[in-house]
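Please read the structure below before turning to the comments.
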Amino acid sequence: MLKTILPTIMLIPLAWFTSNNMVWINTTLYSFTISLTSLHLLYQPLDNSLNLSPEFFLDSLSTPLLILTIWLLPLMLIASQSHLSSGSTFQKKSYITTIILLQVSLIMTFAATDLILLYIMFETTLIPTMVIITRWGNQLERLNAGSYFLFYTLMGSLPLLVTLMLIQNTLGSLNLMMLPYLIKPIDNLWSTNMLWLTCTMAFMVKMPLYGLHLWLPKAHVEAPIAGSMVLAAILLKLGGYGMLRITILLDPLTTHMYYPFLMLSLWGMVMSSSICLRQTDMKSLIAYSSVSHMALVIIAIMLQTPWSFMGALTLMIAHGLTSSMLFCLANSNYERIHNRTMILARGLQTLLPLMATWWLLASLINMAPPPTINLIGELLIITTSFSWSNFTIFPMGLNVLITTMYTLHMMTTTQRGKTSHHAKSIKPSFTRENTLMALHFLPLLLLSLNPKIILGLTY
């Protein structure tokens, strides 16, 4: 693991000591090299001892999320260049440093062997993310968004810390490989139910569960492009990863406790999709669509079957790349018309035909057509939910229908129609932007050819 963590940390001195006109090029190329050299980790043989140490370990659950995190760093740097073009060199280097610190804490979260280390790194990601939102956001409301993000996350996480301390005192270890052998069968008591709730609530806030999601649209809308990308692609997946780890350990309790959360997720999935139909703000629409997709992941994790675990991990990876691509496209529109309102960006297809092609591809992937990994993830989750109850066909079918509707609404509103007068003299699409979209689309394409490497522990 150190061969990934140490080069990433060394990006910080590279950013500060490189010449001013080469700061973006050097950091992007170096981080892209780290991404490419880390891809070999996706090959997980049956013997995991090569990826094991007292502090860090990788298995087929954490590796795909870790690779997604590493892959996203150069993409964030490519996307941020225009946003910081008018800033001073010190601002640019500070921004890059903040992103790298966030990256290191995310890598250590996904690779943590100990639950306390996982908790510490999980909380550490909060600080750089909040700095990115409150320091480099576009509007004044970014301070309000930062406050929401901070307090929702902290209020969900503090009970988890107390519970972890309690488990440490009782069992003597929080090592993820030791815990399955130390935990005794848990009775369905009021106290153990509370223990399950405190363990999962921190991750449900992060997912977010419908009802605890109010911080997400605010944070997405006010964050700069790198903040939106890392929020959508990685930070929401931290919740899913934590829930997968914890619910497997507290196994018998999950089958007693899952019912209200399943109902809330099924309801929230349809509601957040419906909210998307009424949005005028591009980034807000994509943020609410993330809530809808993550509700599917919560349903999959709660059902606790091998198929649902495969579906949850596949959908998390697929959604990470898709939503990040959509945020990049929304940002490219914002950089040209300086407004997030969709109706003001209408008719851009005639002015930016290549960008319209990327919009079409991203919209299609968001609707989960075959042969994309989005479809594989959704199919696995939907079939598992049918095996739990046949009545889930109604909310699931409705969600698929509404997802298609709001995606087409977003596509047609921004690309079709008569071009507005203020959009006549906009800049053309740059090679940098097309490269960025291609680097989002290429992994989705390649993974659809061989999805088994991201199907997780139960494949």
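Glycine too: its Cβ is placed from the backbone N, Cα and C atoms.
As annotated by Swiss-Prot, transmembrane segment applies to 21-43, 60-80, 99-119, 147-167, 195-215, 224-244, 257-277, 284-303, 308-330, 351-371, 375-395, 436-456.
The recorded stretches the transmembrane segment (375-395) and the transmembrane segment (284-303) share 3+ CB pairs below 8 A when only pairs 6 or more apart in sequence are counted, and are therefore in contact. Same-chain residues lying 6 or more positions outside the transmembrane segment (436-456) and placing a CB less than 8 Å from one of its CB atoms are 42-44, 60-61, 64, 71, 74-75, 78-79, 309-310, 312-314, 317-318, 321-322, 324-325, 328-329, 358, 361-362, 365, 371-373, 376.
Take the transmembrane segment (257-277) and the stretches 147-167, 224-244, 284-303: counting Cβ pairs under 8 Å, 284-303 has the most. Same-chain residues lying 6+ beyond the ends of the transmembrane segment (147-167) with a Cβ under 8 Å from its Cβ atoms: 115-116, 119, 122-123, 126, 129-130, 133, 174, 195, 198-199, 201-206, 208, 212, 214-215, 218-219. If you look at the transmembrane segment (195-215) against the transmembrane segment (224-244), you find at least three C-beta pairs under 8 angstroms, all six or more positions apart, and that counts as contact. Only sequence-distant pairs (6 or more apart) were considered; of these, fewer than three Cβ pairs between the transmembrane segment (308-330) and the transmembrane segment (99-119) are under 8 A, so the stretches are not in contact.
Sequence-distant contacts of the transmembrane segment (224-244) (same chain, at least 6 residues past either end, Cβ-Cβ under 8 Å): 61-62, 65, 68-69, 72, 75-77, 79-80, 83, 95, 99, 102, 106, 109-110, 118, 122, 125, 129, 132-133, 136-138, 200, 202-208, 216, 283, 286-287, 290, 294, 297-298, 301, 309, 312-313, 316, 319-321, 323-324, 327-328, 331.
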